[in-house]
Structure formats: structure tokens, C-alpha cells
Amino acid sequence: MATPHISAEPGDFAETVLMPGDPLRAKVIADHYLEDVKTVTDTRNMLGFTGRYGDTPVSVMGSGMGIPSMSIYAFELYTQYNVEKIIRVGTCGGISPTVKVRDIIVAMGASTDSSVNRTRLAGDDFAAIADYGLLEATVNAARKAGIAPQVGNVFSSELFYNPRANFFDTLKAHGILAVEMEAAGLYGVAAETGKRAVSVLTVSDHVVSGTSTSADERQNSFHEMMQVALEAAANAH
Ligand SMILES: O=P(O)(O)O[C@H]1O[C@H](CO)[C@@H](O)[C@H]1O
Ligand SMILES: O=c1cc[nH]c(=O)[nH]1
């Protein structure tokens, strides 16, 4: 029962799927943390794996970049593969002065310039929010690991290279912690399908202060976030 974008069979995915934008980060997570791993999909090289994290079955699959790509994969996972929970494990650009490179952010809400959620609500505003139980499990997992996560509002941007004048100043003035490109879409799909989602993000660069990390680090070195997400997957009810 493959979908147009996922070549897996029914039952191939666990109830919880971790989703980084980068399919190679999905492979890093599977290689480092899962046992009895099998590759369940590789259509378009959007790699997906299922294995065990301790006693907990967990899948991990790339979402691609941007709300349209994430929305396709999340919708198919929720509606065709009985996936109940998606934990996005992404990178983001810090905006708030309270946020530093390598900090972990849990996106309680996600503002956006995308129209996808307004389309769902026929033009009305939609508060794109995380599932509370997953948010709590994620924050608890971080604190248990000695990490103080920043919890708040992020901005899911349609454009990585945004030409809007004073874009980051406006977001900063509204208490937005960081910018990324998928959370508001994921939360909209979860709401539409009656499923659950949260986004855990590592600050890969700071768009105001200009500090950054390399592409290699973005792919391989965000292990704190990966462990927090896996512990949340194991402990969320
Ligand atoms: O590292 P990922 O999860 O891809 O997330 C961020 O990185 C990409 C842009 O470089 C966008 O997808 C953005 O949301
Ligand atoms: O979307 C993103 C991700 C990381 N850093 C950014 O500036 N934007």
C-alpha cells in the first residue's frame, strides 16, 4: 500500500516518527540510536527507518524542507500508516537575544507567513500549537538530561532567504524565539487529522548576532536534540 511519496508497507512505521528536514540526519539518528533497524522507504531518497529505542518502537524519516514537503509526508504518515505522533527534530535560526547557538527550543506554537492553515479554516486564523502531552514529555526529557530548553513561539517561514524589510526585527518584537520552515505546517496537519505533534529545534545559527554552524555539524552534531526527542518518544503517553 505505497503512497505516491512513501514506498513502505502497512505496519512498517512505528506509532511515533521523528522527522528531521534532512533525510541524512534521519540516517544518523537510526544508525546511532535505534536497534534492529530496517529501511522502510527511500522514495525520492527521502529515507525512512524503523527500529527500537530501548523497548520502544520508533521510526525516523526526513520531511524535506518547507511546509509543503512536510505536509505531504506528515499527512501520508498520519492517514495511511497509523502514525499517531510526529516529533520534528530540526534546526532553526535564533532571533531572540535570549537564544544562543546550540540551544534547544521546543516550539509551543508556530506563527507563519504560509497560507496553509488559513486555507484549512477558510480564511480564519489558526493557532498552530504543539500537542501538550508531547510538549511536556519533551521538556521533561530535556530537563532530565540537564538541558534547560527554551519553550515558546517560533516562526515557520516560507522563504529561507526572506527579502522583507525589518522581518527579523518584527518577529523579535513579538517574542518569537527563532525561525524555521515546517512547524506551523506540521501542527496544522496534526490538527486536521486528529493526531499529535511537537517540534524540537536546535539553534544552528543566530540571524541577528550572525553566529553559525557548518552544514556538517547541522547533519551530525545535534545529538542532544536527538536524545531528547527519543526519550520523549519513549515516555510520552
Ligand atoms: O534542519 P531542518 O530540519 O531541515 O530545518 C531547517 O533547515 C532548513 C533550512 O536550512 C529548513 O528545513 C529549516 O526548517
Ligand atoms: O529556517 C532556518 C533554519 C536555520 N536557520 C535559519 O536561519 N533558518
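Heads up, the Cβ atoms here are built off N, Cα and C, so glycines get one too.
Since we're looking at a predicted model, the values are computed, not measured.
These come from TrEMBL:
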{"type": "ACT_SITE", "residues": "D205", "note": "active site, proton donor"}
{"type": "BINDING", "residues": "H5, E180, M181, E182, S204, D205", "note": "purine D-ribonucleoside binding site"}
{"type": "BINDING", "residues": "G21, R25, R44, R88, V89, G90, T91", "note": "phosphate binding site"}
{"type": "DOMAIN", "residues": "17-235", "note": "domain 'Nucleoside phosphorylase'"}
{"type": "SITE", "residues": "R218", "note": "site 'Important for catalytic activity'"}
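TrEMBL feature annotations superimposed on the structure.
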residue	record	Cβ contacts under 8 Å, 6 or more apart
G21	phosphate binding site	G62, S63, G64, M65, M70, G90, T91, M181, E182
R88	phosphate binding site	L18, M19, P20, S63, M70, A107, E182, A183, L186, A197, V198, S199, V200, L201
V89	phosphate binding site	L18, M19, P20, R25, I29, V200, L201, F222, M225, M226, A229
E180	purine D-ribonucleoside binding site	G90, T91, C92, G93, A107, V154, F155, S156, S157, S199, L201
D205	active site, proton donor	G93, G94, V101, T211, S212, T213
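The average pLDDT computed over the domain 'Nucleoside phosphorylase' (17-235) stands at 95. Neighbours of R25 (phosphate binding site), defined as other CB atoms within 10 A of its CB across all chains, total 24. Cα-Cα distance from S204 (purine D-ribonucleoside binding site) to R44 (phosphate binding site): 26 Å (rounded to the nearest whole number). Around the Cβ of S204 (purine D-ribonucleoside binding site), a 10 Å sphere holds 23 further Cβ atoms from the protein chains shown. Close to ligand 1, meaning a Cβ under 6 Å from one of its atoms, are these of the recorded positions G21, R88, E180, D205: G21, E180. Under 6 Å, Cβ to nearest atom of ligand 2: this is the test, and of the binding-site residues H5, G90, M181 it is passed by M181. The number of other CB atoms found within 10 A of the CB of G90 (phosphate binding site), across every protein chain shown, is 30. The binding residues for purine D-ribonucleoside are recorded as H5, E180, M181, E182, S204, D205; their greatest pairwise CA distance is 31 Å. Among the residues the record lists as binding phosphate, namely G21, R25, R44, R88, V89, G90, T91, the two farthest apart have Cα atoms separated by 22 Å. For the recorded site, V89 (phosphate binding site), the DSSP three-state label reads strand.
Rounded to a whole value, the Cα-Cα separation of H5 (purine D-ribonucleoside binding site) and R44 (phosphate binding site) is 8 Å.
Taking Cβ-Cβ distances under 8 Å and a sequence gap of 6 or more within the same chain, the neighbours of R44 (phosphate binding site) are H5.
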